[in-house]
Amino acid sequence: MNAQPLRVGIGGPVGSGKTALTLALCLALRERYNLAVVTNDIYTREDADFLVRNEALAPERIIGVETGGCPHTAIREDASINLEAVDQLNRRFPGLDLILVESGGDNLSATFSPELSDLTIYVIDVSAGDKLPRKGGPGICKSDLLVINKIDLAPLVGASLEMMNSDTQRMRGGKPFVFSNQKTGQGLADIIAFIERQGLLTAA
């Protein structure tokens with residue numbers, strides 16, 4: 001059991017696959033770790049409801065936060081609403097190992113406050129085009145792990161994974177990244193290995 005839970009922030013643009021990744025991580029890790037989730041949505045609790053419907057975790061382990069019009073503010077400049085949700089989960093489930101904090105759909109400049117997140121995973125998707133990595137921004141360049149999702153769509157949108165690979169290496173300067181397809185689970189094992197290694201997680 002870890003003294004304080006590892007908090008992993010999962011960010012990225014709307015539709016990139018953040019919630020699908022959060023669901024996949026819950027299903028893969030819930031037997032190994034004492035786990036909970038905070039989701040951020042602008043005006044609803046849609047992502048939290050999705051996780052509950054798909055039985056990611058018991059409903060009481062998932063808190064949906066409504067951020068209002070600026071989802072990036074709730075994870076960066078004023079993270080108090082998220083920190084309160086994390087505190088609530090810690091009180092509800094003593095001995096938590098891991099809390100996933102999924103941001104609302106944000107732009108390429110959004111980052112997590114260090115107060116809120118120990119590790120950050122930023123999710124982009126191939127359907128946004130193969131030029132996306134070279135556009136940079138803190139999420140692409142500075143996140144602890146970049147996930148390039150929906151690689152199955154590359155042929156459909158004319159995106160070059162080779163170009164994305166070389167651009168991402170250049171933009172991230174050696175920081176890790178993973179190509180993934182959440183529909184098939186491709187890349188998930190690498191993402192989990194990163195979380196466990198970097199977060200010093202030890203299963204109960």
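Glycine too: its Cβ is placed from the backbone N, Cα and C atoms.
Taken from Swiss-Prot, the feature GTP binding site applies to GLY12, PRO13, VAL14, GLY15, SER16, GLY17, LYS18, THR19, supported by sequence analysis.
Taking the mean position of the Cβ atoms of GLY12, PRO13, VAL14, GLY15, SER16, GLY17, LYS18, THR19 as the GTP site, the remaining residues of that chain whose Cβ falls within 8 Å of it are GLY105, VAL123, ASP125, ASN149. When Cβ neighbours within 10 Å are tallied across all protein chains shown, the highest count among the binding-site residues GLY12, PRO13, GLY15, GLY17 belongs to GLY12. A C-beta separation below 8 Å, combined with a sequence spacing of at least six in one chain, links LYS18 (GTP binding site) to ILE10, GLY11, GLY12, ASP47, GLU102, SER103, GLY105, VAL123. Neighbour density for THR19 (GTP binding site): within 10 A of its CB lie 24 other CB atoms from the protein chains shown.
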